[in-house]
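Visitor: Sending over a structure as structure tokens; questions will come in a sec.
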Amino acid sequence: MTAMTDDTVPVTPRAIRDEMIAFAIMTVLLLLVPFTSLYPFFVMQGLCFALLACAFNLLIGYGGLLSFGHAMFLGTGGYVTAHAAKVWGVPPELGILIGVAASAALGIITGVVAIRRQGIYFAMITLALSQLIYFIYLQAPFTHGEDGIQGIPQGHLLGILDLSKPTVLYYVIVAGFLFGFLVIFRAINSPFGEVLKSIRENEQRAISLGYKTDQYKLLAFILSGTLAGFAGSLKVFVVQNASLSDVEVGMSGLIVLMTLVGGLGTVFGPVIGAFIIVATQQYLAGFGSWVTVIQGSIFVACVLTFRRGIVGEIAHLFRRSL
């Protein structure tokens, strides 16, 4: 599966300027949230999933690699960070580093296996590996099975910032999201990103030009998985628990949905898509299992009416890069 690229705006100084302006606006809006009536917990959850969707978009939107297993990175980052913080008693920054390192290691191991195949075979391998990780975590003693890890201490970041204070925690999550977002932005607007796009468009041509495409795909897979794990590590300090729901196949489906709704191959699309999906879960929770039906309806509407996604359609309409 590849991203829709027939009408995308090429990477030019103007395109980068548009994206930087949009980034500045997004940053200002996020900084102002505590001074509005918005519920900070909702925004923090949205930011964690937005970073997760952006990490996934790096792989599918720019590399053309569809993964049905990104939940294993989210769950790994969350579980390892939660265990390190609660059982080992490490400070938040060290817990996050350990969780991210575990996700990176998992990305290396699974990436080496997965990139040997292409197309649907790649997607199926990632799905199988994700299910394997799910059953491992279900049985592993440190995850506490279906109960998960509860009551994770938030602690003091760098020994100074008290994460138990909602406003402090909010700005830490914002900083973490912006850092991850900028890493992705830098990657897609670098020579590495250009090679990824060429692989997405025509891998055989990239090979004929002398690029070792498997190495680029592996690096993209590892980077994407690492950032997904980072999102999981941040999420742990927001919800103060780590559970199997973050590792199950349904989460991988939600990640795909977030990216499709916002716009494949767009910089800000996954952010919008993530907040839309999180909003449906938060504000329509009273409908119970019907929330899944509503999310499915959103997916069908996107496929039938605006295949570029919300941000993709806006970017196409105004011929801007978003």
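Every residue gets a Cβ built from N, Cα and C, even glycine.
Just so it is clear, the model here is predicted, and its values are computed rather than measured.
Features from TrEMBL:
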TRANSMEM  20-42  transmembrane segment
TRANSMEM  49-74  transmembrane segment
TRANSMEM  94-113  transmembrane segment
TRANSMEM  120-137  transmembrane segment
TRANSMEM  168-188  transmembrane segment
TRANSMEM  218-239  transmembrane segment
TRANSMEM  251-277  transmembrane segment
TRANSMEM  284-306  transmembrane segment
Visitor: Quick one: do the transmembrane segment (49-74) and the transmembrane segment (284-306) reach 3+ CB pairs under 8 Å, ignoring pairs fewer than 6 apart in sequence?
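Guide: Contact criterion not met.
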Visitor: Is it true that the transmembrane segment (168-188) and the transmembrane segment (20-42) have 3 or more Cβ pairs under 8 Å, skipping pairs fewer than 6 apart in sequence?
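Guide: These two segments touch.
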Visitor: Report, as numbers and ranges, every residue of the chain located at least six residues beyond the transmembrane segment (20-42) whose Cβ falls under 8 Å of a Cβ in that stretch; write 'none' if there are none.
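Guide: Same-chain residues near the transmembrane segment (20-42) but 6 or more away: 166-167, 170-171, 174, 177-178, 181, 185, 238, 267-268, 271, 278-279, 282, 322.
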